[in-house]
Amino acid sequence: MGMSSLKFLKYILFFFNLLFWFCGCCILGFGIYLLAHNNLWSLPILTPGNVLVIVGSIIVVVAFLGCMGSIKENKCLLMSFFILLLIILLAEVTLAILLFVYEQKLSKYVSESLTDSIQKYNSDNSTREMWDSIQSYLQCCGVNGTSDWGNHPPESCPSDPRIQGCYEKAKLWFHSNFLHIGIITICVCVIQVLGMSFALTLNCQIDKTSQALGL
């Protein structure tokens, strides 16, 4: 019974982390794509591309530890996996609190970064492509409205002169999808807790199996 439980937990944790690793690779790839094509943000450290590259890299490393620790039944790798997941979970909670506390400052920074990027529209191809995509998708114009572009708004702007700015449209989209974003966030946290639980359980099961076999 002990050996069968050990194998079951081992393969469950392995496939869980394999999926986790694949998601990390996708996030990392998308982050690299944004780094190559996105110049909307004035501070290079805080670009979405950099954030996604860092997050994707962390996920890839953590998932790799989980895969190797489970398939090789290595207690050291399993505990490293558990500790890293715990650190990530605590960091996510801390980040959520900071975003709530500094929401106004963050909103001001995003608005200023978008306004600055308008100046690069005619001189930088990636900035132009990004603005055109945003305005076409959200059906908005400029940061606060058509006036942000002066007398010559780009063709991607809707023709209605009273159209909303992209900043307000993005905020409305976020608030209208807040429930879905919250559910996704909770699901991610639950998956992390499950991964930590599987790692601890497998670690304990390895100990019990070793004792039963006299190792």
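Glycine is treated like the rest: Cβ placed from N, Cα and C.
Here the structure is a predicted model, which means the values were calculated and not measured.
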Per TrEMBL, cysteine bonded by disulfide to C157 (from C141, C166): C141
TrEMBL annotation, disulfide partner among C140, C189, C204 for C166: C140
Neighbourhood of C157 (disulfide bond), C-beta criterion under 8 angstroms, separation at least six: Q135, C141, G142, T146, W149, I163
Residue numbers, six or more beyond the limits of the transmembrane segment (12-35), whose CB comes under 8 Å of its CB atoms: 47-60, 62-64, 66-67, 69-71, 81, 194-195, 198-199, 202
Site with most surrounding Cβ atoms, counting all protein chains shown within 10 Å, from the disulfide-bonded residues C140, C141, C166: C141
